[in-house]
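Summarising the annotation, TrEMBL assigns domain 'ABC transmembrane type-1' to B:149-329. Positions annotated as transmembrane segment by TrEMBL: B:102-122, B:129-146, B:152-175, B:187-208, B:214-231, B:277-300, B:306-325.
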Amino acid sequence: MSTPKISVRNLYKIFGDAPAAALEQARAGMHKPELLEQHNHVLGLRDINVDMQDGEITVIMGLSGSGKSTLIRHLNRLIEPTAGEVVVDGENIMEYGPARLRRMRRHTMSMVFQKFALLPHRTVLENVATPLIVEGARRRDYEAEAVKWLDRVGLDGQGEQYPHQLSGGMQQRVGIARALTSNSDIMLMDEAFSALDPLIRTDMQDLLLELQRELQKTIVFITHDLDEALKLADHLVILKDGEVVQQGEPQHILMNPSDPYIVDFIADINRARVLRARTVMTRTDISPPEGAVEIAGTATLEEVITLGGGDADLVFRVMERGRQTGVLAMRDVLTALVGTEPAGAA
Amino acid sequence: MATYDWIFDTLGLRDWCDGSDAAAPMSMADLMSRTGSAPDASVWETPFPSMDALNDACASFPQSRDLTRGLERGFLDIKDSLSVVLDPLTQPLSWALEGALWLFQATPWFVMIPVLALIVALVSRSARLTGFILLAFGGLAFINYYDYAMQTLAIIAVCALIAVILGVPIGIAMSRSDRLERVMIPVLDMLQTLPPFVYLIPLIFLFSVTEPKLYGIAVILYAIVPVVRLTNLGIRLVDPEVIEAADAFGMTDRQKLFGVQIPLALPNIMAGVNQTIMMSLAMVVIASMVSAPGLGVLVLRGIRNLELGVGLIAGLGIVLLAVILDRSTKAALARVNAAQKQ
């Protein structure tokens with residue numbers, strides 16, 4: 001694996017009057033509830049170690065109060081850590097002075113906010129051009145670039161409107177266009193779609209995936225919605241009470257939850273829609289009996305079941321890049337659907 | 001024999017008390033109590049151990065009038081050196097007021113009224129308001145109160161402008177420093193609750209009554225409070241997520257202040273400006289007691305000479321002026337609000 005684009009190492013954040021003392025306690029193994037009860041300090045983050053790879057979408061998921069928004073704000077130092085480091089492109093950004101930090105925020109990272117955080121007194125075009133205006137660009141310099149990204153997110157011709165004249169979904173498109181205009185490698189998205197209606201949220205997720213295929217940015221995405229996390233994530237990090245409970249490839253986490261908390265968490269999702277043939281299949285290159293239907297490794301179990309038309313005895317050939325990588329029996333599909341602890345072998 | 005003799009006796013200060021029996025000037029109360037035969041006071045009439053009561057027991061103890069006189073002496077002592085500093089510092093205010101008064105009065109009415117109406121029209125973009133203002137000034141001019149109204153307006157224009165020029169930066173500084181805010185809020189509270197007449201007392205000592213800056217300073221001190229308060233509040237109320245976005249895109253503090261905080265605080269700042277103008281109008285009337293010209297002089301004449309009609313009409317003229325100023329600034333405020341509702 002190549003060196004990560006962003007690497008968070010031993011990061012601690014403690015909110016309170018005397019964080020240094022509480023830090024020792026946290027290092028000694030104290031968790032959030034005890035620290036609050038005995039020292040009246042809030043444990044924001046405890047010993048976070050996450051590597052975020054170039055060109056991947058890393059999703060940080062957790063319920064409210066799990067510290068996910070605190071974590072993403074450490075990546076561009078909107079919040080200063082109590083201890084630990086954040087390494088971006090091989091440099092520890094905790095060592096940056098104000099000017100270097102501003103340069104990083106202008107060129108290396110951009111951010112999309114939950115409540116959009118557009119400047120209400122500036123037009124949509126000016127909002128989109130914010131990263132260029134911050135650099136001192138004049139209208140004729142930034143206009144072409146801003147219009148390009150505005151068109152790209154599907155807001156052609158809305159440049160002269162003011163943000164309050166747009167709907168929530170359109171405002172967030174402006175937020176995304178603003179982040180794209182900076183041409184930064186890294187995009188931080190803090191619950192970017194949480195304030196939107198479900199349908200619009202799906203649209204926006206599709207837009208993000210489409211942009212990502214084209215632009216290959218390193219995206220850090222925060223969400224409390226597991227379906228959204230599974231849809232977007234290349235790498236999934238699950239936080240609870242300021243600690244990483246499990247991280248890894250989302251399909252892997254689904255099949256091998258390491259913690260009862262995660263089992264609870266994934267209990268309610270539609271597994272048929274999320275799990276893929278590749279995850280459930282038996283890895284083999286021995287051909288299954290004649291007449292087995294070929295399916296793609298990325299097909300969801302829902303697609304597999306539809307294809308099978310209800311027949312429980314079918315076996316599929318799972319194909320990837322024109323080669324068979326495994327076989328998938330319908331029985332395995334059905335077992336995978338009920339969850340991690342199968343109810344006894346039949 | 002006074003009630004609190006025992007305090008000085010037990011503290012062994014009797015010698016000190018009797019040491020200076022060069023009696024202080026006698027007050028009327030002393031005189032009264034000397035003539036009447038002082039009966040034995042009952043417990044119910046025990047006086048509070050105030051300065052005067054203690055002075056009864058011990059002649060060396062200062063009386064309360066010594067306190068006020070001391071303050072006065074102290075003030076008079078530093079007055080000269082204070083004037084050396086304050087006089088040149090505030091001289092531009094006198095010039096500005098004299099200049100404005102001259103300008104407002106020297107401009108003929110047929111230029112002045114249309115210019116004022118034009119300003120209001122540009123600020124408010126409202127034909128109705130502009131018509132009202134033409135009518136109001138026309139009415140004032142018709143009853144021969146035009147000159148007085150212009151004098152009042154000139155003073156307000158200068159004082160409110162200076163109050164805003166000083167007040168907005170103070171408010172910005174307060175919004176950026178919690179410590180400064182903690183220091184400033186009691187000062188602002190005091191400026192706001194101090195009866196307006198009280199401003200005038202030390203100013204009369206410091207400056208000559210013939211100088212315009214005397215009332216200029218009083219008006220500015222009184223009127224500056226709302227614009228400071230609301231600038232501070234407005235900037236503190238700016239959506240923290242927008243500030244976070246400004247930080248996240250690498251804005252400098254300066255870009256953040258002028259590009260985000262001030263524009264977003266503008267509705268509140270404008271509300272403060274409106275209040276500042278209204279309060280300068282209130283103070284300029286009171287300041288007529290220290291030679292501020294304008295409608296206030298007529299009100300004062302009404303009180304002094306019991307000229308009921310003059311006082312009432314001048315009062316109504318002030319109301320009219322207040323309505324004009326209030327409506328024009330509110331219309332401007334409404335336009336700012338409309339431009340950036342969220």
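Heads up, the Cβ atoms here are built off N, Cα and C, so glycines get one too.
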Long-range CB partners for the transmembrane segment (B:102-122) (under 8 A, at least six residues beyond its ends), listed in sequence order, are 129-130, 133-134, 137-138, 141, 146-147, 150-151, 153-154, 157, 324, 328, 331
Comparing B:129-146, B:187-208, B:277-300 for Cβ pairs under 8 Å with the transmembrane segment (B:152-175), the winner is B:277-300
Same-chain residues at least 6 beyond the ends of the transmembrane segment (B:187-208) with a Cβ under 8 Å from one of its Cβ atoms are 75-76, 79, 82-83, 86-87, 90, 214, 217-218, 221-222, 224-225, 228-229, 282-283, 286-287, 289-290
